[in-house]
Every structure is written in structure tokens, then in C-alpha cells.
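Trainee: Got a structure for you, questions after.
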Amino acid sequence: MKNLLSMEALTVHEIEHLLEQAAQFKRGKKATFNEQTFAVNMFFEPSTRTHTSFEVAEKKLGVEVVSFDAASSSMTKGETLYDTLLTMQAVGVNVAVIRHSEENYYAGLEKLDIAIVNGGDGCGEHPSQSLLDLFTIKEQFGTFQGLKVAIAGDIRHSRVANSNMKVLKRLGAELFFSGPREWFDESYLAYGTYLSVDEIVEKVDVLMLLRVQHERHSGTDEFTKESYHEKFGLTENRAKQLKEDAIIMHPSPVNRDVEIADSLVESEKSRIVTQMTNGVFIRMAILEAILKEQEMRAKLCTY
């Protein structure tokens, strides 16, 4: 695997391999790269979980993390992302994890030798989040085949939803959507069925809630926090309708008492904190796959 840019670029076999490697890391597997392996985390949008867990993953693998601050870089002088990455490549950085506000920012960057991991591109995709979600689901159920999974909330503006709806259908899950119709595109019906939140809670195995992404909305919000929670959120009463073995997920950050009642965030059915923990292990697996391929290519070039 040279880069990780989208879930669609991964085969089912590659996905299964990454999930298995993440499971091995969680069980205590060790993998250390030499001290001349470098990573840079380039985040042009705010991030807590993705940024932190990638850095922890890098350090657990023995990878040196190169500091980068967009606000103090030459990009403020007009340097392009391509030329910035060309610089990173020239000084010996092996892999760049990039979070960017523009969808498909990575177009044209694939020809560089430095590996690129998409840490989220606008409303486009978030492949490492999708993989950690898959890892969390597989840990719980052991399979995706036949699982009923609901994606509920601000779907149109969610890169997580874009990644997950495509891959979950490919892996054999049955998908449902819920949330405001204003934030739902009819094209999503190619992947699943739209139902009200009251209809989905009693039938799904996995309820995947999405944050209301105020920063990507134009104009005045159509819902107050209270009205959104009442109409579309997972209230305490709705949670009582969930199946006994159903789980609750959320990519975070969570708007408590908006998408989900505050009391449910750390409840028995919630896997929200587990997702954060699993993020380190899946990102270790991603980095290991990329860096091992780089090592193999380097060895071939010496013959």
C-alpha cells in the first residue's frame, strides 16, 4: 500500500488485513522501524483524535515525528501543498498524514515518492476513521455480513458517512439512514434505506451517530440544540428501544444532548471511547503497511 487516500482504493482483502494487523497490535504485537524513519502530520483543520492518535501510533512504531505548523510554514507565503510535500520528501520524510478542508486535495500528489495518508478531506472521505469504525464493529460482532447499520445525523456534510456507507455495503451490511432530509442526498439511497430515527432504533445492530457540522453549513441553522435532539437525536427514551446487543457509535467530537443524550455517551452500549482507543491500533496498522512497502521498494532498488 503506497498511500491511503480513500476507502474505495482498498480491496476487501487489504481491509481485512489491516483489521487483523490492528487486532494484533491491540493484543500486544510489537513493530519498530529504524530511527531513520520519519512522519509529518500536516493538519489544516482542527483535530484532536485523528492528530493525536496518529502521533501516538507513529511513536509506538518507533517513527520519528517531524513537527509542522501550517500557520508558520511557507504556505503562508503562497507555497503550494505539492511543493511543501516535495520539500518533506527531499529532507527524508517517509509519510505525511494530511487533514485538509478541500475535497480531493491529494489529486496530483500521488506521483510524489513520499507516502500520503488522507486524514480527512473536507466533506470527502476519512479512510482511517472508517477503518477504525470497521475494526470496532468487527470486534463486537465478528462479521459485517447481514448486520443492520444505521448512519444518522448530518450525513451530507460528513466525510465519515461517505467512507462508511460505501465500504459497509461492500462488506455485506444492510444500511439505513436517518436525520434531517435537508442534510440528505437522494444519491445515498443507492447504499441503503432512509427511515425516521424512531423506526431505525429498534431494528439496527449498530447505530452510528454523526456530529452536526455547523462549520460546514451556510446560513442560519434550522434547528436549535433542543429541537434537533428531540427530532433526530438518540434520547434516553429512544435508547430503550435499541436491541439488547446493539451498539452506539460516534466519530466524535460529540455534541452532548444534541446527537446523543449526555447520559448515553459512556453507557454500556456505547463504543465511542472504544473507537478512540482503536484509532491508535488501526493507524499503527496503516502506517506499518505503508512503511513496509517502502522498505520493500528500497530493497528492490538496491539490486
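Placed from the backbone N, Cα and C atoms, the Cβ positions cover glycine too.
Feature list, courtesy of Swiss-Prot:
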type: BINDING; residues: R49, T50, R99, H126, Q129, S252, P253; note: carbamoyl phosphate binding site
type: BINDING; residues: K77, R159, R211; note: L-aspartate binding site
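I would like each feature placed in context: is it buried or exposed, what are its neighbours, and how far apart are things?
Mentor: Taking the Cβ of Q129 (carbamoyl phosphate binding site) as centre and 10 Å as the limit, one finds 26 other Cβ atoms among all the protein chains shown. Secondary structure from DSSP puts Q129 (carbamoyl phosphate binding site) in a helix.
DSSP gives R211 (L-aspartate binding site) a coil state; it is part of no helix or strand.
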Trainee: Can you figure out which of K77, R159, R211 (the binding-site residues) comes closest in space to R99 (carbamoyl phosphate binding site), comparing Cα atoms?
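Mentor: Nearest listed residue in space: R159.
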Trainee: Tell me the coarse DSSP state (helix, strand, coil) of R99 (carbamoyl phosphate binding site).
Mentor: strand
Trainee: Return the residues near R159 (L-aspartate binding site), defined as same-chain residues 6+ apart in sequence whose C-beta is under 8 angstroms from its C-beta, sorted by sequence, else 'none'.
Mentor: G120, D121, G122, C123, G124, E125, H126, Q129
Trainee: Show, in sequence order, which residues other than R49, T50, R99, H126, Q129, S252, P253 on the same chain lie with their Cβ within 8 Å of the centre of the Cβ atoms of the carbamoyl phosphate site.
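Mentor: Here the non-site neighbours turn out to be S47, T48, G119, G120, V160, P251, G279.
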